[in-house]
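**Q** If you scroll down you'll find the structure; I have some questions about it.
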Amino acid sequence: MSNYKVPTMAEMAAKGESPEVLFWVGCAGSFDERYKAVTQAFVKILNKVGVSFAVLGPEETCTGDPARRAGNEFLFQMQAVANIQVLNGYNVKKVVTACPHCFNTIKNEYPELGGNYEVIHHSQFLQQLINEGKVALQGGGEFKGRKITFHDSCYLGRANNVYEAPREVIKALDVELVEMKRCKTKGLCCGAGGAQMFKEPENGKKDINVERTEEALATGANTIAVGCPFCLTMMSDGVKNKNKESEVKVYDLAEMIAKDMGI
Amino acid sequence: MSFLPQIVFLIIFGLAAWILAKRVKFLNRNIHLGKGTTRNDQTDARWKTMMLVAFGQQKMFKRIIPAVLHLFVYVGFIIINLEVLEFVLDGILGTHRLFAPFLGGVYVAAMNFFEFLAIAVLLSCVIFLIRRNIVKVPRFTKPEMKGWPSMDGNLILIIEIVLMLAILTMNATDQILAERGVEHYLALGGLAFSGLIQPLFEGLSDMQLIIVERAAWWFHIVGILGFAIYVTYSKHLHIFLAFPNTWYSNLKPKGEMENMPEVTNEVNMMLGIPTDNPNEPPAEIARFGAKDVNDLTWVNVLNAYSCTECGRCTSECPANITGKTLSPRKIMMDVRDRAEEVGKSMDAGGKGLEDGKSLLGDYITKEEINACTSCNACVEACPVNIDPLSIILQMRRYVAMEESGSPAQWNSMFQNMETSFSPWKFSPADRFNWAEKVKEEEIK
Ligand code: SF4
Ligand code: SF4
């Protein structure tokens, strides 16, 4: 038996190879303690299925999304242009990422700065793997028969109209998918987008993630599925705020698939 | 026969047209206080968007009750205005029911249909008034709706009701006169809805009926001309501007933030990347981001003048829902108010934009724009494709790049990104550490 592999673009290039797809990990995927598990789960799936992939590893840097949305266009473009030079240097064609913010920025904002790639979100990638029969789900295991609700990320849903892929992925598990009152085009933000993740919220009656968690809990679901590192943090904090962390779990789609595959 | 009524009509009509022309000029100039921007690509998609969203009311139908009521008022408005054409011609020519002899049965059917619409409009307006003032639908009672905006909303409904009552009164008295065989009046063989109120007027003499009929006619036509002028001072400008506004919609993915090419040039120079035209001197940049209305694009200002103040954006805004001061509707109202203020001052030979005030600061606070999660809920919700987010983000650019006035936590995020290429303060060398654990595990 061999170990899981995480090839970097540099290693591959040294061997004169190039992978089919670049896995863009993102800052949260690289540094956030909780979210690193998602990155690891996704890498395991890629290994298991035999997808030819690589990561940038130490060469990756922030896409610049939070800087741009907080108004610092200079910083954003410095980051973006540097990243595009690296990506173009490796002649990258296809990018997959688990972060809707990275997804949106690389897909929609890099082209104008000279970076043109086919960019897909890991929910779309997982859906493809499932449809092609490459991911064989056992339909049993931890999630069997569970009530699950999916929290739409603004940058995946409204910003890019990806509503169905994550739902298809969830439905492929043997579970009951329940929708929140505000979902899809009317979904409610977790509160972290637009660089809000990096500062305290303005004064108000309530924090946005608490409002959203209340809505998720109202469905009676015992699992909240997300497809975004910020949503994962915000919803987990919301569940803690409501003292429900023993009954209600927050998972990323990749983690759920990996668990079901028994890896 | 005296030509006096025709002369009076022409004077009133001409006056209304003159005032309207002046208003249109004023509004057009105000909209073009905004910077130039081109949105003339993809004309097919633009026509389609306009037909679906403005003409077809597509986005209204996310909320079914107001959608149906609004549809009545909208269809009523368009179709009853066909009748106004006859009104105007009658007024100029001194005729009465000019089209009736030509159209015969079709005319009667049309009149009955107009009356049905008049009733539908009337009832819808009554329900709208109840929703605003008695049920108090929450989105109509937010702080920015105090005073004129709430008055404006009610006034227009009352004007519509009165105008519809005038049509029905006119038709009812007109038909009694026709049945009595009074000269000039044409019997249409009974009108379905005004027929119901005919008994109210049966007791009047011919002369009294003529007075009521003429009064209703004049009231209606003068009312409509007045309404047209009033609309240009009101949020009801949306009945016209919804069309160009949707035509100039943002067709790019909602998540894509507008690029700043002037920044790209400088960044390329700093990174030593050859630019397209290296000999061209860097453009003179007036200001990064938006501080005042003239820093926005004219599409932003057109958006503001197209805003119906319906508050659908605000009622979906996560920041507003959780009690923050941000309300996307207020952002749009502020832009309009500022454009009006500047425009009026310029017309009066005043200081215009140089009055020491600005949109950001005097109208919109940093607290408001900082609270936005850029979630696009407001953009999605707006029935006429207004984009409040674009304005908010341009203001953040001004604060960040011209003032360095972003919240302290954002400034430290900027610093982290500059020094360690991540919004968090982690060493870039640790970026790949997550892989260690996986690499040790065996594939099961
Ligand atoms: S984009 Fe900003 S203003 Fe619009 S709904 Fe979201 S938080 Fe509110
Ligand atoms: S911006 Fe759109 S949704 Fe918001 S109040 Fe104006 S018309 Fe309504």
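Placed from the backbone N, Cα and C atoms, the Cβ positions cover glycine too.
According to TrEMBL, the protein has these features:
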TRANSMEM  B:6-21  transmembrane segment
TRANSMEM  B:64-82  transmembrane segment
TRANSMEM  B:102-130  transmembrane segment
TRANSMEM  B:151-172  transmembrane segment
TRANSMEM  B:184-204  transmembrane segment
TRANSMEM  B:216-233  transmembrane segment
DOMAIN    B:298-329  domain '4Fe-4S ferredoxin-type'
DOMAIN    B:362-392  domain '4Fe-4S ferredoxin-type'
**Q** Which residues of the same chain, at least 6 past either end of the transmembrane segment (B:216-233), have a Cβ under 8 Å from a Cβ in it?
**A** 9, 12-13, 16, 19-20, 23-24, 27, 84, 87-88, 91, 155-156, 159, 162-163, 166-167, 169-170, 173, 239-240
**Q** Would you mind giving the whole-number mean pLDDT across the domain '4Fe-4S ferredoxin-type' (B:298-329)?
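**A** Averaging the confidence scores along the domain '4Fe-4S ferredoxin-type' (B:298-329) gives 97.
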**Q** On the DSSP side of things, how many residues of the domain '4Fe-4S ferredoxin-type' (B:362-392) fall into helix, strand and coil, could you say?
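**A** Result for the domain '4Fe-4S ferredoxin-type' (B:362-392), in helix, strand, coil order: 17 helix, 1 strand, 13 coil.
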**Q** By DSSP assignment, list the helix, strand and coil residue numbers for the domain '4Fe-4S ferredoxin-type' (B:298-329), in that order.
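**A** With helix first, then strand, then coil, the domain '4Fe-4S ferredoxin-type' (B:298-329) has 20 helix, 0 strand, 12 coil.
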